[in-house]
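Q: The structure is given below, and queries will be raised subsequently.
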Amino acid sequence: MSLYGEAAAVLSALERGEGGLSGLVYGSRFPHARQLYALVAETLRYSPVLEAVLDGAALLRAERKLPLPLAKVLVYDLLFGKGLKCGGRWKALLRRHRARLEAELARLKVRRGVSRNEELLAAAPGAGPGAPRVPRYVRVNTLKTRVDDVVDFFKRQGYSFLGKAGSMEELRTLSGKKFLLDLHLPELLVFPPQTDFHDNRLYMSGHIILQDKASCLPAFLLSPVASSHVIDACAAPGNKTSHLAAILKNKGQIFAFDLDAKRLATMNTMLMRAGVTSFKLAQQDFLTVDPQDPKYSKVTYILLDPSCSGSGMVNRLPVEEAAPSAERLQALAGFQRKVLSHALSFPAVQRLAYSTCSVHREENEDVVQAVLQEQGSAFRLVNVFPSWPCRGLATFPGAECCLRASPTATLTQGFFVAVLERCRDQDAVPSSLPAAAEESLQQGEEVEPGAAPPKKRRRKKQRVKT
């Protein structure tokens, strides 16, 4: 299938609620997944504008055999992308209507009082001050570069660096060619929503990772200690795996699993480009992995981001159109409970991060509650990141220890994270930090969750005067 046909198929699957953007793109058979992802993501971003242009130009009334999803990706590349590169008969069809489409785009700009294409995004209906606008988040890949060096690069590109954000309001009002350092995550840069980096040199070389802030939380909160053995149970497309490797500083070992060979091949390419060396990929259903296998005997951390409804993804079509059925939610929750219980059966695991990009309690709090009850006193829910503004739904005692994210509350995709730790005999109350961070706090040092523990200070030996 051609690039445009595959992109239209992904858009249609999103509309039917069959998964999230990353999963559908990297689960497709299209050989150039990055190109497909960029086209679909940008088409979704411009979707209200494209619908206005298509309606004003009456294209679908003139070409009744042209499906709406295909029309959107074709018109996006014609008007906002790099021009139609393929498409066969559809390319010829769009070229016949090009003058009418360009004229309608010009009229739309006049009506909305803007002069640039990007300004149409902010001026689109529903994009007023009260509507959520998720910024563009850029994670600096510390395996290949430093935050300061990336900041300097973008300053040379004409961007203005405003320093570290002091509030969510600063992220909400970000515009133009300005960017900030995120107020929660130390290696995350924040740009206005319309910023596109898919052709940026740093992105193409793996120096930066385009990853939503909420998607960065699982690895950040898991916070594996360098030299640890870690499992990424449902790993593709690999952003969280590369984040784990950066936290580990490429020391230790990451075991990453995914059942789809195509997704794993794409993930391997992505990890190599990101400079990740400490990983082993396996084409295997994580549920079939033997916890008693000696190769996993040292695994102390697990990141589990299983298949979910994807209902938190704001790049999807309207939620009411894509809401999963009760039967599908029940099936997903059953799988999620099963895979979480399996992950906790690894004998050496001490800490696990469970996450979904779903807004449904059936896939989130209900799963965590059911598995904790099943485990008895073996594991506890950790009160991670107390300063995070959005907590778990109060469906069971302690659910507030979980984290939620949403476009309105945290300016991110909809997301859920829970961190579980193995109980020790001396545990009295749930901890809010990893063990290394706790030790530092006991020594009077302050540590952000997910940050590397501070180095121990050596005491200078006092020389005795004689």
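We number each residue from 1, going along the chain as drawn.
Each Cβ is built from the backbone N, Cα and C atoms, and glycine gets one as well.
Sequence annotations record features per position, and here TrEMBL assigns coiled coil to 91-118. The domain 'SAM-dependent MTase RsmB/NOP-type' annotation in TrEMBL covers 126-423. Among the features that TrEMBL reports, S-adenosyl-L-methionine binding site is placed at Cys234, Ala235, Ala236, Pro237, Gly238, Asn239, Lys240, Asp258, Asp285, Asp305. Summarising the annotation, TrEMBL assigns active site, nucleophile to Cys357. Taken from TrEMBL, the feature region 'Disordered' covers 431-466. Positions annotated as compositional bias 'Basic residues' by TrEMBL: 454-466.
Where in this structure would I find these features, and how exposed are they?
A: Using a Cβ-Cβ cut-off under 8 Å and counting only residues 6 or more beyond its ends in the same chain, the coiled coil (91-118) has close neighbours at 49, 52-53, 56-57, 59, 62-63, 66, 74-75, 78-80, 84, 124, 194.
Here the domain 'SAM-dependent MTase RsmB/NOP-type' (126-423) returns a mean pLDDT of 92 for the predicted model.
The number of other Cβ atoms within 10 Å of the Cβ belonging to Ala236 (S-adenosyl-L-methionine binding site), over all protein chains shown, comes to 26.
Cβ neighbour count for Cys357 (active site, nucleophile): 26 (other Cβ atoms within 10 Å of its Cβ, all protein chains included).
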Q: Measure from the CA atom of Cys357 (active site, nucleophile) to the CA atom of Asp285 (S-adenosyl-L-methionine binding site) and give the result in Å, rounded to a whole number.
A: 20
Q: Measuring Cα to Cα, how many Å separate Cys234 (S-adenosyl-L-methionine binding site) from Cys357 (active site, nucleophile)?
A: 13
Q: Whole-number Å only: compute the distance from the Cα of Lys240 (S-adenosyl-L-methionine binding site) to the Cα of Cys357 (active site, nucleophile).
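A: Approximately 13 Å lies between the Cα of Lys240 (S-adenosyl-L-methionine binding site) and that of Cys357 (active site, nucleophile).
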Q: Measuring Cα to Cα, how many Å separate Gly238 (S-adenosyl-L-methionine binding site) from Cys357 (active site, nucleophile)?
A: 15
Q: Whole-number Å only: compute the distance from the Cα of Cys357 (active site, nucleophile) to the Cα of Ala236 (S-adenosyl-L-methionine binding site).
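A: With the alpha carbons as reference points, the distance is 14 Å.
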Q: With every protein chain in view, what's the tally of Cβ atoms within 10 Å of the Cβ of Asp285 (S-adenosyl-L-methionine binding site), excluding that atom itself?
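A: So the Cβ neighbour count for Asp285 (S-adenosyl-L-methionine binding site) comes to 12.
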